[in-house]
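A.B. asks: From TrEMBL, here are the annotated features:
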- 7-217: domain 'Aspartate/glutamate/uridylate kinase' (DOMAIN)
- LYS12, LEU13, SER14, GLY15, GLY56, ARG60, THR163, TYR169, ASP172: ATP binding site (BINDING)
- GLY55, ASP75, THR136, GLY137, ASN138, PRO139, TYR140, PHE141, THR142, THR143: UMP binding site (BINDING)
Amino acid sequence: MSQPKYKRILLKLSGEALSGADKKQVIDFDILQQFAKEVKTIVDAGVQVAVVIGGGNIFRGASVEKSGIDRVQGDHMGMLATVINSMAIQSSLEKFGMVTRLLSAIKMEQVAEPMIRRRAVRHLEKGRIVIFGAGTGNPYFTTDSAGALRAIEINADAVLKGTRVDGIYTADPEKDPNATRYEKISYDEALSKNLKIMDLTAFALCKENNLPIIVFDMNKPGNLLRLINGESVGTLVTNE
Ligand code: UDP
């Protein structure tokens, strides 16, 4: 088998993706299984995989500020929500025979190991999937920032942002039928065109540390493996 193009990746999934297209459930277990099957294809190809999942299907700090929950409290609630999603994805990966470890940025020893970078890297070297829960552990950040930060910390080759659309478009493809997909784009061009790939903090971290971002459709079976094998799937954001 040919060598995968990316040997160590961080997969960023949104929490909202877990609730499915109709958003009827908090966690749609069919979607979880689908994600796990996709991840297995790249683990079997020898890729070291870390995962960060958001919490938007359960709780977002900023969106409850109006209702009287202060921002910091809300953000902590959001971070705990990511731990719930992380535990769900952990179970589903394990069900498919993968070995996983959940590391949390907020200490909760009964359910997760504390986030220790060297430990995370050691797990990856041993072929275990590392799930980073509780975001960065700090309010006023997002899980995109957590994804970028952890990817840099573990020296990942790229951060893979799984979305519902198959890359970055000149306009919103769900609204504009003439929108076309970028196969490749530079950080600077994405910034100047105000293409919202990640929030600015996350984006700046990637740019400053030369961490490639790949935006791709996680719902299309086989995409993740094709991407890992170097096929042009989604949009690649780099310095060039
Ligand atoms: N959050 C935070 N710090 C972090 C990561 C997340 O405070 O480092 C909180 C924040 O309130 C955020 C929520 O957790 O709204 C859920 O994460 P996010 O919105 O990134 O989830 P996603 O949109 O990917 O589902």
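The backbone N, Cα and C atoms fix where each Cβ goes, glycine too.
From a predicted model like this one, the values you see are computed outputs, not experimental measurements.
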A.B. asks: As a check: which entries in LYS12, THR136, THR142, THR163, ASP172, the binding-site residues, place their Cβ less than 6 Å from an atom of ligand 1?
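C.D. replies: Near ligand 1, sequence order: THR136, THR142.
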A.B. asks: Compare the C-alpha of GLY55 (UMP binding site) with the C-alpha of each of the binding-site residues LYS12, SER14, THR163, ASP172, and give the closest one.
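C.D. replies: For GLY55 (UMP binding site), the spatially nearest of the binding-site residues is SER14.
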A.B. asks: Could you measure between GLY56 (ATP binding site) and THR136 (UMP binding site) for me? Cα positions, answer in whole angstrom.
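C.D. replies: Between the alpha carbons of GLY56 (ATP binding site) and THR136 (UMP binding site) there are 15 Å.
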A.B. asks: Please report the number of other Cβ atoms within 10 Å of the Cβ of GLY55 (UMP binding site).
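C.D. replies: Summing over all protein chains shown, GLY55 (UMP binding site) has 28 other Cβ atoms within 10 Å.
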A.B. asks: Other than its own, how many Cβ atoms are within 10 Å of the Cβ belonging to TYR140 (UMP binding site)?
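C.D. replies: Summing over all protein chains shown, TYR140 (UMP binding site) has 12 other Cβ atoms within 10 Å.
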A.B. asks: Fill in the CA-CA distance, ASP172 (ATP binding site) to THR142 (UMP binding site), as an integer in Å.
C.D. replies: 22
A.B. asks: Validating a neighbour-count step here. Other CB atoms within 10 A of the CB of LYS12 (ATP binding site): how many?
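C.D. replies: I count 28 other Cβ atoms within 10 Å of it.
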A.B. asks: Cβ distance under 8 Å to THR163 (ATP binding site), same chain, sequence separation 6 or more: which residues?
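C.D. replies: The list for THR163 (ATP binding site) reads SER14, ALA17, VAL215, PHE216, ASP217, MET218, given in order along the sequence.
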A.B. asks: Rounded to the nearest Å, what's the C-alpha distance separating LYS12 (ATP binding site) and THR136 (UMP binding site)? Just drop the number here, would you?
C.D. replies: 13
A.B. asks: Which whole number is the mean pLDDT over the domain 'Aspartate/glutamate/uridylate kinase' (7-217)?
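C.D. replies: Across the domain 'Aspartate/glutamate/uridylate kinase' (7-217), the average pLDDT comes out at 95.
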A.B. asks: Under DSSP, is TYR140 (UMP binding site) part of a helix or a strand, or is it coil?
C.D. replies: coil
A.B. asks: With H, G and I counted as helix, E and B as strand and the rest as coil, say where DSSP puts GLY56 (ATP binding site).
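C.D. replies: Reduced to three states, the DSSP call for GLY56 (ATP binding site) is coil.
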